[in-house]
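> Please read through the structure below; I'll follow up with questions.
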Amino acid sequence: MAASPRNSVLLAFALLCLPWPQEVGAFPAMPLSSLFANAVLRAQHLHQLAADTYKEFERAYIPEGQRYSIQNAQAAFCFSETIPAPTGKDEAQQRSDVELLRFSLLLIQSWLGPVQFLSRVFTNSLVFGTSDRVYEKLKDLEEGIQALMRELEDGSPRAGQILKQTYDKFDTNLRSDDALLKNYGLLSCFKKDLHKAETYLRVMKCRRFVESSCAF
């Protein structure tokens, strides 16, 4: 019998509340399938939060007539475009799980500094009201990816120095047009990078544990 929508929501919430194992061999051990399920759920949640925040910022501060031209100018703005990471699902399927985990970790870690300023910028919105927890959510996903890497690491050379730059902090001066455009660009990159990390994790989960949700 198929699970009801309510049961599915409860299961997803329960998985999000599960802690990561602190070390390999910890008892009781969490199955690899659960590690992947947790990581995917956390990445999906962060990606959706980033997308909602981007849209709300856009509606609040960016005139509709300027959005298209600004979005085109943002194409080469993201530092993550300088690393040899897959740009979509098809390319991701050509990479090993270890490579995808390393790229995911790099993307997440590049935002740990900037997002600490997010709550200082956005204070008057239901969406922005959750921004003070984004850092905690990113750290949680970082720990989950590191747990997966401990399980799958094959001893091959690490890729931890590929992304030497991180992103600038968000600008709190919302009366400045330059600051608004900077924040708009940062939110665009944040959304794109979390979409990449989510895609990589879903590709890995689907090819290891074939399931109906693999079509994305």
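Glycine is no exception: its Cβ is also placed from the backbone N, Cα and C atoms.
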> Considering the candidates CYS17, CYS189, which is the cysteine that Swiss-Prot reports in a disulfide bond with CYS78?
CYS189
> Please report the three-state DSSP label of CYS78 (disulfide bond).
coil
> Can you give me the Cα-Cα distance between CYS189 (disulfide bond) and GLU198 (Zn(2+) binding site) in Å, rounded to a whole number?
14
> Return only the integer: C-alpha distance in Å from CYS206 (disulfide bond) to GLU198 (Zn(2+) binding site).
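A Cα-Cα distance of 12 Å.
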